[in-house]
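This report refers to the structure that appears directly beneath it.
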Amino acid sequence: MEPIYEEYLANHGTIVKPYYWLSFSLDCSNCPYHIRTGEEARVSLTEFCQIFGFPYGTTFPQTKHLTFYELKTSSGSLVQKGHASSCTGNYIHPESMLFEMNGYLDSAIYNNDSIRHIILYSNNSPCNEANHCCISKMYNFLITYPGITLSIYFSQLYHTEMDFPASAWNREALRSLASLWPRVVLSPISGGIWHSVLHSFISGVSGSHVFQPILTGRALADRHNAYEINAITGVKPYFTDVLLQTKRNPNTKAQEALESYPLNNAFPGQFFQMPSGQLQPNLPPDLRAPVVFVLVPLRDLPPMHMGQNPNKPRNIVRHLNMPQMSFQETKDLGRLPTGRSVEIVEITEQFASSKEADEKKKKKGKK
């Protein structure tokens with residue numbers, strides 16, 4: 001295996017050029033070291049909050065992509081942690097870098113057969129657009145290493161809205177990736193997962209600050225993401241958050257689930273402390289309120305009203321060789337096909353035949 005990356009020892013881990021040909025660039029502040037491992041992978045709280053939409057939820061469009069990762073053994077022991085950042089100069093997504101053939105993860109697993117599980121924590125769900133092919137690379141990676149499982153947690157869905165030109169490709173690719181369940185898990189970051197990311201990857205956060213409660217705006221966004229990914233893939237995320245207010249309604253399935261699952265460590269009397277100098281978004285007071293939450297299997301929650309029926313059976317596509325489509329065809333994906341005249345003719349003839357039969361019966365009756 002001839003690697004395409006270069007790795008250098010740093011003070012608290014390693015720094016990696018995902019492609020040997022990358023160099024320092026004025027167009028990208030992270031070039032050329034887009035992958036960092038160990039304690040070098042930590043980022044500032046300010047950067048994390050801006051990119052991941054924490055703790056209030058996403059308040060403005062985010063162009064940067066950041067993915068934290070953990071490599072673990074079958075027993076759950078941590079082998080390595082790190083992060084990959086997008087390259088704005090060459091327009092490369094972090095998932096594309098990590099899962100490149102002969103890339104960093106390919107080499108890591110090839111040289112360490114104890115790695116059995118990869119966990120990603122990304123600000124965006126992976127895409128499969130032509131310039132990136134992130135999901136295709138993940139799919140091929142999993143075929144190459146059949147003993148590896150992959151869990152993907154994200155803070156927002158990326159380019160899956162129907163009015164985006166490439167959304168059809170992204171949604172279809174997410175369905176294909178989700179069809180590999182239980183080897184692959186696609187789920188929004190929620191609840192205690194936020195605390196885990198803060199503890200493992202964010203610098204300057206420690207003690208009780210790590211476990212402060214998730215605010216309502218963020219919790220609602222996470223729950224919305226859970227139902228959206230379910231609508232797209234047909235596979236339910238295993239866990240999602242339930243707000244404490246749900247407990248006031250004793251007639252819901254969520255109430256039963258609340259009583260069955262213990263509360264996580266949270267501090268309902270505190271707000272999440274933002275970095276000094278960073279302004280809080282102008283949100284309604286209820287979206288800034290702290291939330292005591294429980295993690296409940298999504299199957300135990302009452303359904304939400306959505307455009308698509310999440311219980312509708314789906315045909316899972318297990319390949320990613322998608323046909324080429326023109327831009328105009330992509331725009332027309334949401335349009336309903338026009339009716340066929342043959343159907344109208346059949347209905348007209350049916351109606352006419354029935355009318356003639358009735359007239360004949362009337363004439364016979366007169367005779």
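Each residue, glycine too, has its Cβ placed from N, Cα and C.
Annotated domain 'CMP/dCMP-type deaminase' per Swiss-Prot: 61-177, in sequence order, evidence recorded as sequence analysis.
Its own atom aside, the Cβ of Cys134 (Zn(2+) binding site) has 29 Cβ atoms within 10 angstroms in the protein chains shown. Annotated Zn(2+) binding site per Swiss-Prot: His93, Cys127, Cys134, in sequence order, evidence recorded as similarity to another entry.
Residue density at Glu95 (active site, proton donor): 26 other Cβ atoms are found within 10 A of its Cβ, drawing on all protein chains shown. DSSP assigns Glu95 (active site, proton donor) to a helix. Swiss-Prot lists Glu95 with the feature active site, proton donor, giving similarity to another entry as the kind of evidence.
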Row His93 (Zn(2+) binding site), column other C-beta within 10 angstroms, all chains, value 24
The rounded CA-CA distance in Å from Glu95 (active site, proton donor) to Cys134 (Zn(2+) binding site) is 6
Averaged over the domain 'CMP/dCMP-type deaminase' (61-177), the pLDDT of the predicted model comes to 94
